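Let me begin by presenting the structure, written as structure tokens, before commenting on it.
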């Protein structure tokens, strides 16, 4: 059963009527451009065919009653008083989104009954949180007939995660969940918010392999990386590392390394990764999968050696995938790091071989069982 069907059926069962509003927002996978979004840089994700559905109906008061079907938990809060934090982590994503929409539209106090259901694997680096934020934002827009664009909804979700939940994420996850296009990757300029759709080559599959090493961005390491990047930007006298070219970095690399070796390593990753995203757009335009594969490999090496966010299990998955894919595509870690998933682009006729080499070796070596997904690039948030 899909999240949409599940949310609608459970709502019907709980409330004895059909929901007036159902919205659906997808998770995402980032093909290249990791930890560049909060440095005002470039990213190239696609929305995927896993996501979060929200079904609901107006109430005649100011109360939101929210049921998380997959967790069997309920949260309730009022819109006519200051919205406090919840003891349920998932509920804070919902509350944060509503709180900041209210900040923008103080008259938005419409109560609702909601059911949420999703199939984005939690803590996998595929943005279950952004899908939830964007779905709830779109639900609010429909509920209150608010003049919010999809970009507004995305940035509101990011604000909720930064300022209410407490994770210093960039804006990529929410933007792709809101703006994704079917069968396209979206190159996003995280400063101007301009987007450039790039078709996924027809003969290429988007493969995601979950290492099932759990990770949790809220616990420190992610925020530390962000601080180190800000330290490096300050050294270069710029607003963000986006403003430093590879040549400019190389000229002052030794000087920065002497001051702060870690900040230098983090900056080297971000500066070179931004260039890799721009090069990847050209490679895809030219249908040059060998070049794209080299860029993905360089991205992974940089995350491992300079940004230091991979773990041995992830490195091993990438190594296995690369053995099979060769020069016909690429593989790298995707997401915030410290576990989560790898992404691979490979011809459809290599999917089974990639699946087999991982199934034959990963669990035997690491003691963990992978989860293997073949995804399609999908549309962003929509009303059902």
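Glycine residues also receive a Cβ, built from the backbone N, Cα and C atoms like all the rest.
Matching 93, 105, 222, 316 to the substrate binding residues that Swiss-Prot gives (34, 35, 36, 37) identifies 222. Mapped onto three states, the DSSP output places residue 161 (Mg(2+) binding site) in helix. If you compare Cα positions, residue 37 (substrate binding site) sits closest to 173 out of the recorded positions 127, 128, 129, 161, 173. Listed in sequence order, 27, 52, 118, 120, 121, 122 are the same-chain residues at least 6 apart in sequence whose CB falls under 8 Å from the CB of residue 128 (ATP binding site). Between the CA atoms of residue 129 (ATP binding site) and residue 161 (Mg(2+) binding site) there is a gap of 8 Å. Within 8 A of the CB centroid of the substrate site residues 34, 35, 36, 37, 222, the other residues of that chain are 33, 38, 39, 43, 170, 172, 225, 270, 336. A sphere of 10 angstroms centred on the C-beta of residue 125 (ATP binding site) encloses 29 other C-beta atoms. Secondary structure at residue 28 (site 'Transition state stabilizer'), taken from DSSP and collapsed to helix, strand or coil, is strand.
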